[in-house]
Amino acid sequence: MARNKRDTSLRKVQLAALGVTIAALAAMVWVALRGPEGGPDLGQGDYALQATDGTPFTEATLHGRPSAVFFGYTHCPDVCPTTLGDVAGWQRDLDSAASQLRIFFVTVDPERDTLPMLRDYLSWTDGVIGVTGPRPEIDKAIAAFRIYARKVPGQGSDYTMDHTASVMLFDSDGRFVEKIAYQEPIETVLPKLHRLIGIEH
């Protein structure tokens, strides 16, 4: 009888631990897909990165023209290719107005994502600019944009990255305006982009 009670108690503890683990994983996925909380200081910080077009990427880069910024990595199996495909669709729908919007893809995996790697990865896109730099500077950018990024170990030395999947929109003064959720319908995306670049409808 005592053993049965111990077994029952152990199962309860195991189930409780499993529940906590599932809840924690669900929370991480929710945070990643939801994206960062907005605010006037989003994107502001002392990070100093390099872009594939040969220019620096700093807080000042967000000034001058409207910008879309999202984080990812070249070994991403699904979210990043999907988002880049969505971006290509947005550009097609914006037509000639697409040139008014700068789009930045900032890596969360600088150990593998060098400038040449990013240039090759983004070569099929219409002007998406890749951004990388030393790990400490990437971490500063991750903090400044308040995104989620975490390394997930795989087999051997392999790994993937969990990361925020939303796209952040900034006006020509470098102020955060709003975000586009992962795989958000084009019916709500286009009005956001039109407002950002000043197209009246």
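Heads up, the Cβ atoms here are built off N, Cα and C, so glycines get one too.
Look at TrEMBL and you will find C76, C80, H163 tagged as Cu cation binding site.
The disulfide bond annotation in TrEMBL covers C76-C80. Look at C80 (Cu cation binding site): DSSP puts it in a helix. Counting only same-chain residues at least 6 apart in sequence, those with a Cβ under 8 Å from the Cβ of C80 (Cu cation binding site) are G72, Y73, T74, F105.
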By Cβ count within 10 Å, point out the most packed of the binding-site residues listed: C76, H163.
H163
Collapsed DSSP category at H163 (Cu cation binding site):
strand
